[in-house]
Amino acid sequence: MADSTLHQPAYPVRFVTSAALFDGHDAAINIMRRILQSQGAEVIHLGHNRAVHEVVAAAVEEDVQGVAVSSYQGGHVEYFEYLASALRDAGAGHVRVFGGGGGVIVPEEIERLARSGVRIFSPEDGQRLGLPGMINELIQTCDVDLTGERPAVEAVLAGERTALARVITCLQQDALPAADRDALLAAARDRTVPVLGITGTGGSGKSSLTDELVRRLRTDQQDKLRVAILAVDPTRRRGGGALLGDRIRMNSLDGTHVFFRSLATRGGHELPHDIDAVIAACKAAGYDLVILETPGIGQGDAAIVDHVDVAMYVMTPEFGAASQLEKIDMLDFADVVAINKFERRGGADAVRDVSRQLLRNREAFGADPADMPVFGTSAATFNDDGVTALYQHLLELLGARGLPVDEGVLPRVQTRVSTRFAQIIPTARVRYLAEIADTVRTYHARTRDQVAAAQRVQRLELVAAELPGDAAVADLLARARAELDPENAALLARWPEVAESYRGPEQVVRVRDREIRTTLRRESLSGSSIPRVALPRFTDHGELLRFLRSENLPGHFPFTAGVFPFKRDNEDPARMFAGEGDPFRTNRRFKVLSEHSEAKRLSTAFDSVTLYGRDPDERPDIYGKVGTSGVSIATVDDMKALYDGFDLTAPTTSVSMTINGPAPTILAFFLNTAIDQALDRFRAAEGREPTADEAADLRARTLATVRGTVQADILKEDQGQNTCIFSTEFSLRMMADIQEWFVRNKVRNFYSVSISGYHIAEAGANPISQLAFTLANGFTYVEAYLARGMHIDDFAPNLSFFFSNGMDPEYSVIGRVARRIWAIALRDKYGAAERSQKLKYHVQTSGRSLHAQEMNFNDIRTTLQALIAIYDNCNSLHTNAYDEAVTTPTEDSVRRALAIQLIINREWGLAMNENPLQGSFIIDELTDLAEEAVLTEFERISERGGVLGAMETGYQRGKIQDESMLYEHRKHDGSLPIIGVNTFRNPHGEPERTLELARATEREKQSQLDRVREFQRRHRTQAQAALARLEEVARTDENIFEVLMDAARVCSLQQVTETFFTVGGQYRRNV
């Protein structure tokens, strides 16, 4: 759509954008809010997982014309109808509601929601209008003047939020009558309301610090004070749009005690032109404190000082040389300075240097620099004592200026800087990714040198054979052999024996006193003898050594071709994802999926209520999602029903659980279920209760034998998937506690984390970024666990990986590149043993490549993706069902998806061979290209302070969003051909089809509500004691998971989640 045809708004158009409750799929809404901004809208972006009441509160306080919400997790009908109703009830019925959810929202539901006043965009709308066209419709529909309906001044003075919000709109547009304006100013003058100004450099964490200060004020003063926050962000000179990105960072806005308004500068430099009148309106509305936060400023900006009573300047330790402080204008005027992100290198030096600069600026030369109002804070650290010290100092200053404060409940702190922040990665280790890149490149450089040395040795051996007894030749040969490392000489010397062991009809290996026989050849219908592992035919020793060091056979370092010598004969890699409704329905689905397989490989999808650590509830925006797009699990009893009939300790049973934020609690439910199964079997067999020693032995044996994986990858959640619920710091502590508990209890066959690239890819990343970010996250866990004092070989075998497969060429080598980098780094960088060097990974075919148009074509895409995953020796595989673009898969579509794998593994002829990619020129080329691209990305992340440092600046999220934007644009303009979507479209249109939509039934939803309430009633007394103990331990350095294992027996999921919120803090969203 050309710029000349876009609607040019006549009025300031404002939108609230978000993803729905319990929905982390924010790639689409991020694209939409970016285009809204570019077309001139002011966007208040709330991010993912937003309840209806949060969206309504934002719409009212921000006085927007429109709300745009994406919903991909089901429950959309209930959510949008509840949203429209709640807006009307809040006096904001004029706000237009827009939504989208790809093919998940079917035409009948779109029509139903239209009758409720909700405009849903379908995939067909996207094809017809394109991205700019859809956004243009939003802008055009919402280009209305809100100032025509002005509230009475009495309504503002009475504290009505809708009235205050509209008055601010009128003030910004110079549309408030002079009499009303004067009345507000007069009312403001009659009240003593201090104004706290917060300004500072961009990226210093002003919003996070503001949120932490407000949270402390509410806790300390027991919600006796009302606070109005005005957050200013700049208007873009080109286009006039603005990203108003402060509200997304706030976790302290619940209830009616805090009013929050985002303001665009609209032509002003640092502040809107009528900011004083806006502040006065907040005072007149009865608020006790006004906080004004301005955008990031340069060294010479101090405009905020003229509008506030107390001015605070926020900066970080990275200001350069101390002489740069002399150029910062605000240091002449600030009442308080906060050095945020104090945990970074140079934090203490920054506090010292700024204190000395303030002393000079104030000409207080006789004073102690330590008495200057400079605080070292870490707003990202939950309950940081440096922030508390800052809060208590500000409270004194504001109290002196009229803020009616009580004594408060927070104990006084005796520090001015953070003392308790935890360094997850020690400062000395922050360059770990650059070191790994160097390790891998050094390995390959040595390979090139050794290839040349091997070739020289071979040539000289031939010469020596032709000239026996020649001393000069013998001397040259001896020197050449000395240049060949003994390890590499041994590889070449062993090769004939290794090759011979693969040429017979079977290979016999003795393990202790057991003999393992493996058939080496399979016969085709034509009588051809197909080798399970094909061998290279190199005669040149250099090329052979290059193969052995760069690839090698499956099961041999560097494991490029696979971590095991052969695939299991009795177990396909299929691991099918299932979960819908209540535990009983999903249990039945598991039994159907596994009935024809001796190995029971169960992969569990949880509903979004569970994914966000909540219990089922009647509230419409929750109720609609119970048991939808996954199974509802709220208690250990639910978990027992889910896996009833499966022996969780059988060597042929393996359970995968895709859950992240509340993963510790779900894992505790699962392990208790496995233990209770063992105890029940003992009771049934022996007819009595086990003794204490017998029970302990059964527990230990269960933990040692249970097989499976819990995803629990919190780093990728922050970067792409968005089911983080606790603060990142607390979540990482819990991950380390789980792994430490695994080590103590000898849990060797269960993966404590599935380091996942799949969701990074689903959020929009290309295959290189998916692989680089995922491996970088894996190495971050390695460094974090080493820093906790664990030994590499105690925890590395408990790490697994999870990748997406798509249509891009790099997906053909994603597994082999990952295995090679991991093996080289673990051996040569970390000194790990062979078991730790083996990277094992699960593959799921791409959900993003499933399209609602021409859905039958989806199985073709899935088949190709499954083929390359099997060729690359993935350790397990899930093939998506063709109808997942629209609904949770039906039994029929799941059967078809499983058949894809079965046909490849059992019918496809080339699958008789287990290393079909080796020897391909293009695969070799792609492997090297992808590996180098990953190593280069490691260096980029390292430059930003490693994975955690890069996350702090939003590097990974930004890159994923950019790559998602590129894909969507190319899909919509047709330059990326997608068959049946933007090319080769059905000339007769989409055939009418009646899809079976998989949804939880009313009976299942109500049953889950009844079950969790009954569980809580039954365990009320025990739960209170268990939660108190859990909170106590979480405040110390003890292992939380040890106590959680007990608490999980008597507490529901939400009870544990809320306890962890109290002691660990909530996740703070990023734009």
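Residue numbering: from 1, along the chain as shown.
Glycine too: its Cβ is placed from the backbone N, Cα and C atoms.
Some features that Swiss-Prot has for this protein:
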- His25: adenosylcob(III)alamin binding site (BINDING)
- Gly203, Ser204, Gly205, Lys206, Ser207, Ser208, Arg249, Asn340, Lys341, Phe342, Glu343, Glu952, Asn1070: GTP binding site (BINDING)
- Ser207, Asp246, Glu293: Mg(2+) 1 binding site (BINDING)
- Val232, Asp233, Asp246, Glu293, Thr294: Mg(2+) 2 binding site (BINDING)
- Phe566, Arg601, Arg707, Tyr751, Ser800, Arg835, Lys840: substrate binding site (BINDING)
- 12-149: domain 'B12-binding' (DOMAIN)
- 153-400: region 'GTPase chaperone MeaI' (REGION)
- 401-558: region 'Linker' (REGION)
Secondary structure at Phe566 (substrate binding site), reduced by DSSP to three states: coil
Candidate binding-site residues Asp233, Asp246, Arg707, Arg835, Lys840, pick with smallest Cα gap to Asn1070 (GTP binding site): Asp246
Span of the substrate site, taken as the largest CA to CA distance across Phe566, Arg601, Arg707, Tyr751, Ser800, Arg835, Lys840 (Å, rounded to a whole number): 22
Rounded inter-Cα distance in Å - Lys341 (GTP binding site), His25 (adenosylcob(III)alamin binding site): 29
Which of Lys341, Arg601, Arg707, the listed binding-site residues, has fewest other Cβ atoms within 10 Å: Arg707
Distant-in-sequence Cβ neighbours of Val232 (Mg(2+) 2 binding site), under 8 Å, six or more positions away: Ser262, Leu263, Ala264, Thr265, Glu270, Leu271, Pro272, Ile275, Leu292, Glu293, Thr294, Pro295
Integer average pLDDT (0 to 100) for the region 'GTPase chaperone MeaI' (153-400): 94
Cα proximity to Tyr751 (substrate binding site), best match among binding-site residues His25, Asp233, Arg249: His25
Largest tally of Cβ atoms lying within 10 Å of a Cβ, found at which of the binding-site residues Thr294, Asn1070: Thr294
Summary of DSSP states over the domain 'B12-binding' (12-149), given as helix, strand and coil counts: 72 helix, 30 strand, 36 coil
Cβ-centroid neighbours of Mg(2+) 2 site Val232, Asp233, Asp246, Glu293, Thr294, 8 Å, sequence order: Lys206, Ser207, Leu230, Ala231, Ser262, Leu263, Leu292, Pro295
When distances run from the Cα of Asp233 (Mg(2+) 2 binding site) to each of the binding-site residues Gly205, Glu343, Phe566, Lys840, the nearest one: Gly205
Distant-in-sequence Cβ neighbours of Asp246 (Mg(2+) 1 binding site), under 8 Å, six or more positions away: Lys206, Ser207, Thr210, Ala231, Asp233, Ser262, Glu293
CB within-chain contacts under 8 A for His25 (adenosylcob(III)alamin binding site), separation at least 6: Ala19, His48, Ser70, Tyr72, Gln73, Asn722, Glu762, Ala763
Nearest-integer angstrom distance between the alpha carbons (Cα) of Gly203 (GTP binding site) and Ser800 (substrate binding site): 34
Cβ neighbours within the same chain of Ser800 (substrate binding site) - under 8 Å, at least six residues apart: Thr709, Tyr751, Val753, Ser754, Ile755, Lys840, Tyr841, His842, Asn875
Other CB atoms within 10 A, centred on Asp233 (Mg(2+) 2 binding site): 21
Glu293, Glu343 as binding-site residues, winner by CB count within 10 A: Glu293
